[in-house]
Structures are given as structure tokens and as C-alpha cells.
Amino acid sequence: MSFTYVYIIGAAQGLVLAIALWVKQDNVRSNRVLAVWLLCLVYDLTVKSIYLINPSTPFLPAYILANFFPFLYGSFFYLYVRTITLKRPLVWLDMVHFLGFILMAGVNLHWIFNPWEDGPRGWVSFDLTLYLYSVSYVVAGLISIRKYRRTLHQQQSNTDGISLLWIDVMAYFQALIWFIAVTQWLVPIKDYNVWVIYLAVAIWMTVMGYLALLQQNIKPLQTIDAPKKVDNERFPEVDTKLTQLMGEDRLFLDPTLNMGQLAKKSGYPEYLVSLVINKMHQQTFREYINQLRIEAAVAMLQDTQNSDTILDIAYASGFTSKSTFNSAFKRLHDQTPSQLRQMHL
């Protein structure tokens with residue numbers, strides 16, 4: 001019965017959050033994907049609560065139908081990640097991502113509509129099919145998140161204003177939930193079963209819903225496509241121009257600098273500037289710019305006549321927060337800015 005209370009609370013919270021996400025104006029497409037996903041979970045938790053209270057409930061067909069809902073959840077995770085990072089709207093062709101649910105529920109319609117007399121079909125392979133199908137979508141979603149981060153670092157010198165906390169939390173919870181699901185199937189342990197999975201789901205719904213409501217609007221990033229044949233002989237001249245822009249114009253001090261702006265200033269296409277930074281400097285755009293910013297900060301910290309605070313130096317170097325500055329500084333110098341300054345007092 002203790003699970004029942006958690007499920008009911010989770011379902012109630014999920015319903016409120018789904019409505020709030022549907023009307024939220026930021027990230028409209030992705031929020032509505034998440035809202036529909038939450039509504040499916042609300043239905044799932046509700047019918048499970050009813051079943052736990054009364055296994056002979058007349059709503060048994062609704063409970064049997066919910067058994068096939070996990071085929072939806074991996075797909076929803078992938079589509080949510082794709083929509084939030086690429087801003088791609090859902091189209092009718094995306095129904096292909098729900099084929100697992102459609103097929104498995106379709107062959108068991110007789111059981112769904114008459115669970116008191118009929119039994120399931122293909123239930124022997126149900127778990128294996130579910131985990132292979134859904135976990136593959138979770139993995140695809142995780143790959144999409146990683147690709148987005150990589151693209152972000154290739155195009156933006158400053159990502160302080162872009163918080164991906166909620167999507168990280170979603171990814172961690174998805175990994176945890178499916179880990180519980182797979183392990184309870186592979187290693188049967190008393191009281192470690194499907195009900196524990198939905199306990200994690202109920203907690204996830206609450207945490208995820210509130211974080212998604214607080215999320216900022218995410219702007220889509222366009223992949224920089226290079227032609228099949230790249231003129232490597234132009235690399236040195238591009239690098240010379242970048243050195244000039246960074247040395248004389250000190251473009252790296254602009255906290256809003258991005259790859260598009262740098263390419264425009266250099267007079268070369270984005271793909272070529274990106275390749276020069278990646279190939280000749282073995283760095284992402286963000287790493288390249290941050291290294292120049294740290295070098296400028298080091299010069300100020302080593303200047304005994306400079307009385308600026310660490311935060312002032314961080315801002316003067318092109319950073320927008322002290323935490324990002326400290327992290328980048330320690331990554332390159334294995335010490336904090338304060339420790340370096342102390343050495344030169």
C-alpha cells in the first residue's frame with residue numbers, strides 16, 4: 001500500500017506539471033512532447049494505483065493496456081531530446097518511433113479488452129523485446145545530448161547562460177530507471193520488482209517536471225558542414241589571420257563571441273575556421289578562446305601593480321562568472337587564480 005500513496009502523489013503532481021508545461025511559452029514544442037509523456041505516466045501510475053488497491057477492479061483492461069506503455073517511454077526521451085536540441089517539430093513520420101507500442105499492444109488487443117478470459121501473446125519475449133527496443137532509444141537520446149554539447153563547444157565561447165541541468169537530470173534518471181528495470185529482470189530479488197521501477201518513475205516525474213518549468217529557452221545550433229574536399233593549404237593563412245584577430249584586436253575578450261562572429265571577422269567560412277582550430281590547435285572553439293582568456297588573466301594576476309579582484313580579472317578576461325573562470329583556470333594551470341596571485345605577491 002505504501003507504493004500506492006507514492007504513485008497517487010506522483011500522478012497528481014505529473015498532471016499539474018503536464019498542464020503547466022503545455023501552456024509554457026519557452027521551448028514550446030519540446031515542452032509539449034514532455035507534457036504528453038507525463039500524461040502517459042500519469043495514466044500509468046493511476047491505473048497501477050487502482051490495481052494495487054483492488055486487483056479485481058473493473059478497470060483491469062486499462063491496467064493491462066498500461067503494461068505496454070514502457071514501449072513509449074524510451075521513444076519519448078529520444079524525441080524530447082531531439083526536439084529541445086534541434087528544434088525539429090514532430091511530423092507524422094515520427095509515428096515510426098512508436099511502432100514498438102503499436103505492434104505489441106496490437107497483437108494483444110484481445111487480452112486488453114477481455115483480460116478476465118484471454119491471456120497475452122508473445123509474453124515470453126516481452127521483457128527482452130522491451131529492453132532492447134526502449135534502451136536503444138535511451139542510448140540514442142544520450143548520444144544526441146553528447147552531440148549537442150560538442151556542437152555547443154564548437155560554436156560558443158561562453159555557455160554560462162545555457163543551462164542543461166534539467167536534461168542532465170532527465171538522462172541520469174532514465175539511465176537509473178532502465179538499469180533498475182533490466183537488473184530486476186536479470187536478477188530476481190524479493191521486493192525488487194516492477195513496483196520499484198515505478199517508484200523511481202514517480203520521483204522522476206516530480207523532479208523533472210519542475211526543472212523543465214524553470215528551464216531557459218534553448219536556441220538550436222546548426223552543424224557546421226565542411227565540403228568533402230578541404231583545401232588544407234589555406235590552413236596557415238587562416239591561422240595567421242586568427243592570431244592577428246586575437247593578438248591585435250583581442251576578440252577573445254568579448255564574452256559573447258561565437259564561431260559565426262569570428263568567421264565573419266576573419267573573412268573565411270565557418271567550416272574552415274573551425275577546422276583550423278580543431279586540427280592545428282587540437283582544441284574546440286571554446287577551449288581555444290578560453291585558453292587565450294586564461295593567458296590574459298595570468299598576465300594580470302602576475303602584475304604586482306594590478307589591484308583588481310579575482311572577479312574583476314575574470315570579467316576583464318572575457319568570462320561571465322567566477323566559477324567558470326576558476327574551472328577553466330585550474331584545468332590549464334592545476335591551481336586556482338588566488339594561488340597564482342599569492343605566488344607573485
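The backbone N, Cα and C atoms fix where each Cβ goes, glycine too.
TrEMBL lists 6-23 (among others) with the feature transmembrane segment.
The transmembrane segment feature in TrEMBL is assigned to 35-53 (among others).
Here TrEMBL flags 59-80 (among others) as transmembrane segment. Long-range Cβ contacts of the transmembrane segment (59-80) within its own chain (Cβ-Cβ under 8 Å, at least 6 residues beyond either end) map to 30, 33-34, 36-37, 40-41, 43-44, 47-48, 50-51, 90, 94, 97-98, 100-101, 104-105, 108, 111-116, 130, 133-138, 140-141, 144, 170, 174, 178, 181.
The transmembrane segment annotation in TrEMBL covers 92-113 (among others).
Using a Cβ-Cβ cut-off under 8 Å and counting only residues 6 or more beyond its ends in the same chain, the transmembrane segment (128-145) has close neighbours at 70-71, 73-75, 77-78, 80-82, 85, 97, 100, 104, 122, 164, 167-168, 171, 174-175, 178, 181-182, 185. Feature annotation from TrEMBL assigns transmembrane segment to 128-145 (among others).
The transmembrane segment annotation in TrEMBL covers 165-186 (among others).
Sequence annotations record features per position, and here TrEMBL assigns transmembrane segment to 192-213 (among others). Residues 3, 6-7, 9-11, 13-14, 17-18, 20-21, 24, 31, 34, 38, 41-42, 44-45, 48, 165-166, 169-170, 173, 176-177, 180-181, 183-184 of the same chain lie 6 or more positions beyond the ends of the transmembrane segment (192-213) yet place their CB under 8 Å from a CB of it.
Under the heading domain 'HTH araC/xylS-type', TrEMBL lists 240-343. Counted with DSSP, the domain 'HTH araC/xylS-type' (240-343) comes out as 74 helix, 1 strand, 29 coil.
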- prompt: For the transmembrane segment (35-53) against the transmembrane segment (6-23), do we get 3 or more Cβ-Cβ pairs below 8 Å once near-sequence pairs (under 6 apart) are dropped?
  reply: yes
